[in-house]
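K.L.:
I'd like to ask some things about the structure below.
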Amino acid sequence: MEGDRVARRPALSSLPVLLLLPLLLSRAAALHPDELFPHGESWGDQLLQEGDDESSAVVKLANPLHFYEARFSNLYVGTNGIISTQDFPRETQYVDYDFPTDFPAIAPFLADIDTSHGRGRVLYREDTSPAVLGLAARYVRAGFPRSARFTPTHAFLATWEQVGAYEEVKRGAAPSGELNTFQAVLASDGSDSYALFLYPANGLQFLGTRPKESYNVQLQLPARVGFCRGEADDLKSEGPYFSLTSTEQSVKNLYQLSNLGIPGVWAFHIGSTSLLDNVRPAAVGRDLSAAHSSVPLGRSFSHATALESDYNEDNLDYYDVNEEEAEYLPGEPEEALNGHSSIDVSFQSKVDTKPLEESATLDPHTKEGTSLGEVEGLDLKGQVEPWDERGTRSPAPPEADRDSLAPSWETPPPYPENRSIQPYPDGGPVPSEVDVPPAHPEEEIVLRNYPASGHTTPLSRGTYEVGLEDNIGSDTEVFTHNAANKETCEHNHRQCSRHAFCTDYATGFCCHCQSKFYGNGKHCLPEGAPHRVNGKVSGHLRVGHTPVHFTDVDLHAYVVGNDGRAYTAISHIPQPAAQALLPLTPIGGLFGWLFALEKPGSENGFSLAGAAFTHDMEVTFYPGEERVHITQTAEGLDPENYLSIKTNIQGQVPYIPANFTAHISPYKELYHYSDSTVTSTSSRDYSLTFGAINQTWSSRIHQNITYQVCRHAPRRPAFPNTQQLSVDRVFALYNDEERVLRFAVTNQIGPVEEDSDPTPVNPCYDGSHMCDTTARCHPGTGVDYTCECASGYQGDGRNCVDENECATGFHRCGPNSVCINLPGTYRCECRSGYEFADDRHTCILITPPPNPCEDGSHTCAPAGQARCVHHGGSAFSCACLPGYAGDGHQCTDIDECSENRCHPAATCYNTPGSFSCRCQPGYYGDGFQCIPDSTSSLTPCEQQQRHAQAQYAHPGARFHIPQCDEQGNFLPLQCHGSTGFCWCVDPDGHEVPGTQTPPGSTPPHCGPPPEPTQRPPTICERWRENLLEHYGGTPRDDQYVPQCDDLGHFTPLQCHGKSDFCWCVDKDGREVQGTRSQPGTTPACIPTVAPPMVRPTPRPDVTPPSVGTFLLYTQGQQIGYLPLNGTRLQKDAAKTLLSLHGSIIVGIDYDCRERMVYWTDVAGRTISRASLELGAEPETIVNSGLISPEGLAIDHIRRTMYWTDSVMDKIESALLDGSGRKVLFHTDLVNPRAIAVDPIRGNLYWTDWNREAPKIETSSLDGENRRILINTDIGLPNGLTFDPFSKLLCWADAGTKKLECTLPDGTGRHVIHNNLKYPFSIVSYADHFYHTDWRRDGVVSVNKHSGQFTDEYLPEQRSHLYGITAVYPYCPTGRK
């Protein structure tokens, strides 16, 4: 009777699903708004307060909800298309940023939404009505067939109905009519939670919103859709997250596509009491890959990737799919730990087969069994074709009414009354909670086997399933899980390969390779990719009667996995052993067996043993009966996935004379498999030839391979006990000049063959296919096949190239690590000062040893008197600084004045640690050299000047020091260095009455007006004039003013105000390095002047200012400084250069001649500049006629600046002081943004990101010859730069995500990189591009030649970065 009850059970449990599936999956039309879950105040919904950034009161759930691994009893609903388990921060902290958020988030449409003034409403409630729970259950069961018994006990619904995007209030402008409607439903049965996102047709009329902080910068960020766990507890590291959208097109496709088979409906498994490393999307609907014809059916696809494609309602297609074909891989444990999302849903075309009664599968989270009959009939094209008992398809039933799935909710029952709905064509009721058997307790799993004669289940290698210890027979069996004293995946998953997943079984855990990888789970390699072996060979041999010994000679092997070829090379084996080892092809033959081409139903050695095994082999040669023993030990995979192996050879081999060659014919040998051992015994003939000599020898080979197997997984009875290795080509050669012994074999492994089979062999099985050596061959019907590039490579399968995971960002190297690309894979290395944590991905700081000099535990004198020298560990020593004497622990000041260091005619002044010298009255000089003051040859101005300077040396003196010209005459304009007053003087130095001006005002004009023929001011004079004006007419004693001669040239000696800090400059005013003086000395800028012989010893802590190339970027109200070491970002030395409160700095550029930085401010509507000299202050040079100045470019040759205004729709120019302003263009501009100048060739370039017709234009610098340069295949050309060295114009496009370059005439256009995030501004320097990115909120560097991402800098303050420019230590000249 028990067997009868089991046989009849399908009629009760599988029938509802079979009837529902055509209703859920047979339709191709989008979701109608009436088919949303019922909502409205009549259904008990609460209404969220109107506003721009509102949050609901806490919703206390009657039953906790599982989200990822945690349980939550509270939910919050936000205006901005988001649900969380905690209250929201201010919207500026999360709305404009990409995933992940730093708090738990369920986001059906995260954007800046505003429901003010009646623009839509947000409703939410918890619901336990059978109508809602039944509909949610059917959606979940359809999307997750293995959860066919999922019966929710409660649901939470949130509906955003006709809501609008936030818009700035503009006088007279009506609000936008674009409104969105979408819904999120969270359903839970107490142990598992699922989320449903619903987007009705025409429900998404806006696809993103504009950041508030962008001000007048017109940008739109696509809505974010997905899930975030939030920050982890340890140091706020990223938790796991799942992101579904990244572009506007992917948002648009939300209502056109589905992972459930119903356009606009999306289902996700979001939480469980069992291990759930990340959110898992439904995988029944194949419409994502099907709708994009370029994705082969057998390949995996990503939700996010599929959503990027441009779909129309007319080109949507939905593939038929069976649940067994869909692979449900959990996120890798390492991924979850590192905070990476897992969004790939893979489909296998290469499958293993098992009888139905041996392959019932279980959902790893619900622990529910699923009959194959429940899911086999899925058809997304509108029909259901269930399997009949003969294994053939029966005619499909009539198509169900599409509206029967979600009946009309126009007349909801009074809340909270519950009522049934009738979704079936025959009017039968939906099973209520008691109609569906509940899940069994976790301690007990019941598997029932339904008759399905003649049908087998294709199981993908890598399918995640709950394992059972024994085979399942025809009777119902109950298995009890005992969790005591067993190892589980929770604590041991790191033992698995990073390309494997961990599965818990009744007695322990096992590792299984993921899709597209093979191995034993602890070691996994990509299918189809070439493999490499490194090792050492040692030997103690007798060759004939000659002993030969060698130790750790190199072995290298290269294996072409997709056709079974294995090449082995062993170098530097001494003669005569190398020649004698020619017949020992099994040394290289091991790799042939290990990576042999697999025939259907067979597995090569690596699939069983992985990279840890022992190969023992004994070879006996005939007729001499010499015997040799070979042991090969595999020791795992190194970080580059190279197999490491050690080989030891002991015994005696026959002597083979030099110049003889060995020939081995193709052969076949049988391998016998037991629990963890493989054995083989075979005999082979080989011939030795030299000229006409041909000798035939033979050998007998005994092989034994042992390895570890995971005994917790169920046995595989279908695996053959014996397999046949066919070696088609064998090659052995020794090159005496290279001293290299080589073996080559071509291998296939398969079932034991009888006599020759005339049936044609598929090229995938005999290696005759034309796939690339880094591609997998997929057999088709007969001799047809397809090629697919192996994991880590990209191409069409016949031509594959390495995919640079480091450049594309598809790697798991954590913070403080460096990603190094390798063929087919990559490697992570920790930066200096860091080491790997246990997960081998996260880099943690190496705790530095104690340093008494840094932690203050030393006993040295104070820092101003002594220095501490660290000697490692806790050892240190102390030394007094110059100017002090003592043992370093006690230091006293040295009185240098007692040592007579000054000139005899000078007075010495001792100071702590130093001293100074001043010439006595009647002498002049620097104190170390004093010369008698002979005034007979001095002019009155010079005499007064000399006298005032002598008085000025005394502290507190406030004498005016007259200014004289080169002839010694009084300058007409005199200014007091201390008070700031200025006045005019006559030739005798007397003040002209009425000319005195107070501090801060414009100095008086002294002398006759300049003649019309006066020469234009030089750089030195203009710089001096600008600084004097900036300082208010008179500089402070500590402010620098350039000293110019009569011709306007820089005087060789320049000094800071009235201080003794001086230096030499070249003709362009640039400082001559190494000439900056200390107090009391003057650098010898004139070769005829000898430097002083005695100087005070400089303090050791005085360092020159930093020099070199660096980047300047704008971020809100500050300009950031990021130095370069070569082309590498020196992130540790980054700092804020200038803070401008209340500004929004966008455009930035640099004048290399005057070392001035220029910027635009869209908040202040100004253009300003500042010198890079220490203490320089900003100067506004354009403050009118601007609304949104964005792009800015400096022509350092013509001393002109150019800028764009995206609101005025103008391009203007002016001289660098703001004068000579001129409008170049004011027509045919919509959104001008970036601008660049080529001063050498006299060209101007700019971008216009007009969404209707984006373009890049050019003209001459005076506005002539305007023309369009680029207007095809561009979207949002935000950044533009001209490289004077390569003569290339390059731009970064936030629409196409590309970085492209062209020649100045528009020819030679080529793509540098095609996977940018959201670039804003870009600059070129050396062989790199540097751009600011709104998705990363940082500076990203890209190599010009390889197109690879090389580094990025993320400022601590997280906000958008705008402009960027490079500051050279010289002016780039370029060439025409």
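Placement of Cβ uses the backbone N, Cα and C atoms for every residue, glycine included.
Fair warning: this is a prediction, and the values are worked out from it, not measured in the lab.
The signal peptide annotation in TrEMBL covers 1-30. Summarising the annotation, TrEMBL assigns domain 'NIDO' to 108-273. What TrEMBL records for 529-759 is domain 'Nidogen G2 beta-barrel'. Taken from TrEMBL, the feature domain 'EGF-like' covers 760-801, 802-844, 849-892, 893-929. What TrEMBL records for 938-1006, 1017-1085 is domain 'Thyroglobulin type-1'. The disulfide bond annotation in TrEMBL covers Cys975-Cys982, Cys1055-Cys1062. Marked as compositional bias 'Pro residues' by TrEMBL: 1000-1015.
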K.L.:
For Cys975 (disulfide bond), which residues of its chain lie six or more apart in sequence with Cβ-Cβ distance below 8 Å?
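P.N.:
In sequence order, the residues whose Cβ lies under 8 Å from that of Cys975 (disulfide bond) (at least 6 apart) are Gln963, Phe981, Cys982, Trp983, Pro1003, Gly1033, Thr1034.
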K.L.:
Tally every other Cβ atom lying within 10 Å of the Cβ atom of Cys982 (disulfide bond).
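P.N.:
Here the count is 22.
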K.L.:
Which of 529-759, 760-801, 849-892, 893-929 shares the most C-beta pairs under 8 angstroms with the domain 'Thyroglobulin type-1' (938-1006)?
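P.N.:
Of the candidates 529-759, 760-801, 849-892, 893-929, 893-929 scores highest.
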K.L.:
Which sequence positions outside the domain 'EGF-like' (760-801), separated from its termini by at least 6 residues, show Cβ-Cβ distances below 8 Å to it?
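P.N.:
For the domain 'EGF-like' (760-801), the list is 296, 298-299, 349-350, 499, 516-517, 526-530, 560-565, 597, 599-600, 728, 746, 748, 750, 823-825.
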K.L.:
Tally Cβ pairs under 8 Å between the domain 'EGF-like' (893-929) and each listed stretch (529-759, 802-844, 1017-1085), then give the stretch with the top tally.
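P.N.:
Most contacts with the domain 'EGF-like' (893-929): 1017-1085.
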K.L.:
Are there any residues in the same chain, six or more apart in sequence, whose C-beta is under 8 angstroms from the C-beta of Cys1055 (disulfide bond), and if so which?
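P.N.:
Looking at Cβ-Cβ distances below 8 Å from Cys1055 (disulfide bond), excluding near sequence neighbours, one finds Gln1043, Phe1061, Cys1062, Trp1063.
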K.L.:
Which sequence-distant residues neighbour the domain 'EGF-like' (802-844)? Criterion: at least 6 residues beyond either end, Cβ under 8 Å.
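P.N.:
Counting only partners 6 or more residues beyond its ends, the domain 'EGF-like' (802-844) has Cβ contacts under 8 Å with 334-335, 337-338, 340, 494, 498, 526, 529-530, 639-641, 774, 790-794, 1313, 1315, 1346-1349.
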K.L.:
For the domain 'EGF-like' (760-801), give the DSSP counts of helix residues, strand residues and coil residues.
P.N.:
4 helix, 15 strand, 23 coil
K.L.:
Over all shown protein chains, what is the count of other CB atoms within 10 A of the CB belonging to Cys1062 (disulfide bond)?
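P.N.:
Here the count is 17.
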K.L.:
To what whole number does the mean pLDDT across the domain 'EGF-like' (802-844) round?
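P.N.:
Looking only at the domain 'EGF-like' (802-844), pLDDT averages out to 82.
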